[in-house]
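What TrEMBL says about this one:
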SIGNAL    1-19  signal peptide
DOMAIN    72-375  domain 'AB hydrolase-1'
ACT_SITE  SER165  active site, nucleophile
ACT_SITE  ASP340  active site, charge relay system
ACT_SITE  HIS370  active site, charge relay system
Amino acid sequence: MKLCVIFVLISWQLGGSLGQRQRLDSVCQMVQRQRLECQVHRVETADGYLLNVHRIPAPRNQSCSRGIRLRPFVLMHGLLGSAADFVTAGPGRALALELHRRCFDVWLPNARGTTHSRRHRTLRTSEARFWQFSWHEIGLYDLPAIVEHVLAVTRHRQLHYVGHSQGTTVLLVLLSQRPEYNARFANAALMAPVAFLQHLSSPPLRLLASDSSGATLLLNKLGLNELLPATALTQVGGQLFCSATLPTYTLCTLFTSLYVGFSDYPVDRSLLPRILETIPAGISRGQLLHFGQLINSGKFQQYDYRSPQLNMRRYGQPTPPSYQLRNVRLQLQIFHGTRDALSSQADVLRLVNELRQSRTRLYQVPGYNHIDFLFAVTAPRMVYERIIQQAWQLDVAAAAAAAGLQASWS
């Protein structure tokens with residue numbers, strides 16, 4: 001089984017080595033198909049990565065002009081995902097499109113190394129140094145650069161945030177390491193949060209983590225720095241494997257469920273080709289290894305360089321420090337699926353307990369696995385409506401407070 005997992009990673013990588021094709025902007029294609037405006041903003045991080053951030057501006061119609069200046073939404077994707085995760089499901093189902101319909105300005109980042117963010121000020125993707133990062137750097141550098149850009153463009157002081165999977169991890173990293181950024185967020189929704197992974201039940205990932213040193217050795221021998229990139233070859237292969245015929249669709253569902261959990265809401269077969277157009281979107285080996293370390297340690301901590309000397313040089317101590325979750329001070333909605341093989345109930349409850357300085361509301365979503373928060377047909381009703389309603393209430397209250405303050409001055 002372990003060899004099978006590693007073989008899958010190598011197979012996808014070999015597909016990438018055949019040549020990264022120049023690809024059309026699939027995110028804007030999906031947005032423009034709905035006759036909506038799509039913008040692409042270039043954001044540079046403090047360490048030189050050039051990120052593409054997609055934007056669906058708020059509707060410019062009279063029904064959205066109610067005297068309430070709604071704060072923008074930033075939707076951050078998970079591991080192997082991209083901005084496309086929040087638009088792929090289409091009208092009436094995709095979170096980004098639902099937020100736009102409800103008059104919000106929607107921003108969709110793409111983390112470093114993913115399909116739409118593969119540039120650096122001085123480094124090329126063919127250089128190993130380009131890929132020397134984990135999700136720690138995404139939280140420490142990508143996310144603050146994105147937040148500052150969105151606030152500067154929209155002229156708001158705060159924004160709403162939704163993270164899925166790794167998108168929740170990077171927010172916790174940012175606020176733990178740079179607590180001053182709490183003031184930039186009006187609130188945050190964490191879907192399928194990932195911080196503690198001690199009780200992860202995904203068989204392939206637990207098996208891979210059980211021999212992380214062996215996986216590292218193999219990756220070193222093969223010279224692999226980037227894993228699971230999106231290419232024309234991998235897209236066609238994935239679509240053929242998960243085609244709409246019943247036997248292959250069932251096999252694809254079983255294969256996926258081993259990783260993310262068996263769901264009560266299997267993905268619509270007609271949606272699979274669109275999903276496989278954009279997933280996987282590529283990750284660094286450091287991201288995979290860092291998550292593996294969380295599984296083995298049972299802690300939410302920084303990257304372990306597997307050497308007391310290297311850790312001492314980096315952290316001033318022989319072991320990596322834990323992230324200080326007491327620095328997170330936000331109004332949080334946390335959504336957890338009962339069939340999630342990555343984000344277990346025990347680990348989510350531990351996270352809630354550690355977020356003692358935040359006002360958290362935990363919602364358990366029956367029958368959901370790790371990716372149902374993106375693609376389940378019931379997600380708008382069971383998850384998104386709660387996110388939208390809280391944002392509306394906060395923005396209406398802020399507008400009322402501002403109006404009252406202005407009236408008192410006059």
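If you go along the chain as it appears here, the first residue is 1 and each next one adds 1.
Placed from the backbone N, Cα and C atoms, the Cβ positions cover glycine too.
Unlike curated entries, TrEMBL annotations are predicted automatically.
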Can you tell me how many other Cβ atoms are located within 10 Å of the Cβ belonging to HIS370 (active site, charge relay system)? 26
How many Å separate the Cα atoms of HIS370 (active site, charge relay system) and ASP340 (active site, charge relay system)? 5
Around the Cβ of ASP340 (active site, charge relay system), how many other Cβ atoms lie within 10 Å? Please give the count over every shown protein chain. 29
Just to be sure I understand the packing, how many Cβ atoms besides its own are within 10 Å of the Cβ of the residue listed as 'active site, nucleophile'? 27
Could you round the CA separation between ASP340 (active site, charge relay system) and SER165 (active site, nucleophile) to a whole angstrom and send it over? 11
